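Enquirer: Reproduced below are the annotations present in TrEMBL:
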type	residues	note
BINDING	Cys225, Cys296, Cys305, Cys312	[4Fe-4S] cluster binding site
DOMAIN	216-306	domain 'DNA primase large subunit C-terminal'
Amino acid sequence: MRVELKKIYKYPFLEETKDYIRDSDISLEDITEIGFSEILERGKRRILDALDGKEHVYDKPEREIFSYSTANIMLSCIKDDYLIKRYALFESKRVYKSMVKEDDKFIERVDQSLGVRSERDNKEYKIHFTDYLRYGTGMRDPRWKLINKRVCKGYVYLSKENFLRILQEAYRRKINDDLPLNVPDEICKRMRGNINEIKKKLNEKKASFMRYEFSEINKDHFPPCMKFLVSEIKRGSNISHSGRFALTSFLSSVGMSRDEIIKIYRSSPDFDEEKTRYQVEHITGSSGTVYRCPSCATMKTYGNCIGEDEDCRWVSNPMGRYYKGLKKQLSTNLHQGAGYPR
Ligand code: SF4
């Protein structure tokens, strides 16, 4: 069992891992007792690591195996959407890195536990296209588009690396879907010290990306679609590739600098400074082409036209909707003897 434990402790969703916890006879109440403070500490550390984006290797199987459930309980007591999303992404990336080192036989156990139906076909994995649509279409890179994959008789063929990314995504969604759990107040109270520490860090994090508030640009006149995209980022949601493209080109067109645009993306749970800078610079002209904000028709096609209102009538591009708002404001100001809107 010891050798097996060394293997399974990194994968909290495996049936064997759950069985191990069940068979241990350690209850939720027990974990909050003094004797288990190391497990509480480790559970908290996992969440703080996700907030800091720092990865530590924890390799004490007996302790780690309980620290996942402890982290889930703490997240459930805090009930913060952004924190759960951030943790889910960080934790799923950790599992991906572990899976890369596993053999195919073990990967089979992983995919069954995550409910992804797959089969090996020589060096590739094939998964049913419904599973692919479920987990692969959220990936931003165009290489994940179904049209760029080999599809045969309802199955999508993937390299091992791509298949593990699908499992990563399935695990990320599972955490997002499962949390928050229904945890009794009494248990949350017993973990108060650790929970307060996490909340403090979370508030610092949120304050750092809320500091930037469009001081120079008149965001009141942003079209509803752009307001929606910004609010999604601030809520900690990942927005689609087409949404990022539209928002970046729009913000650049209304006069925001590259650094200012990058700051907005900072609150995304998967923020990666280097990648974001590359994308923002590319869209705003580093390649020699400055991309214009997509038209309303394109926004509709990609599902990014959200909140269309009365002022969207007769405009064909979100920029037109922005200028329309500015013009309206200008005429009101002139009427009232005030100055130009910014
Ligand atoms: S109609 Fe155009 S400007 Fe208005 S919400 Fe849709 S995409 Fe945005």
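The backbone N, Cα and C atoms fix where each Cβ goes, and this holds for glycine too.
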Enquirer: From the centroid of the CB atoms of Cys225, Cys296, Cys305, Cys312, the recorded [4Fe-4S] cluster site, which same-chain residues not already listed sit within 8 A by their CB, in sequence order?
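Expert: Once Cys225, Cys296, Cys305, Cys312 are set aside, the remaining close residues are Pro223, Pro224, Met299, Lys300, Asn304, Ile306, Gly307, Glu308, Val315, Pro318, Arg321.
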Enquirer: For Cys296 ([4Fe-4S] cluster binding site), write down the residues of its own chain that are at least 6 apart in sequence and whose Cβ falls under 8 Å from its Cβ; none is a fine answer.
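Expert: Residues satisfying the criterion: Cys305, Cys312, Val315, Ser316, Asn317, Pro318, Arg321.
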Enquirer: Looking only at Cβ atoms, how many others are within 10 Å of the one on Cys305 ([4Fe-4S] cluster binding site)?
Expert: 20
Enquirer: Have a look around Cys312 ([4Fe-4S] cluster binding site) and count the other CB atoms within 10 A of its CB, chains all included.
Expert: 18
Enquirer: What residues, ordered by sequence, lie under 8 A Cβ-to-Cβ from Cys225 ([4Fe-4S] cluster binding site) and sit at least six positions away in the same chain?
Expert: Ala246, Met299, Asn304, Cys305, Ile306, Gly307, Glu308, Pro318
Enquirer: Which value does the mean pLDDT take for the domain 'DNA primase large subunit C-terminal' (216-306) in this predicted structure?
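Expert: Summarising the domain 'DNA primase large subunit C-terminal' (216-306) by its mean pLDDT gives 88.
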Enquirer: May I have the DSSP-based helix, strand and coil counts for the residues of the domain 'DNA primase large subunit C-terminal' (216-306)?
Expert: 55 helix, 0 strand, 36 coil
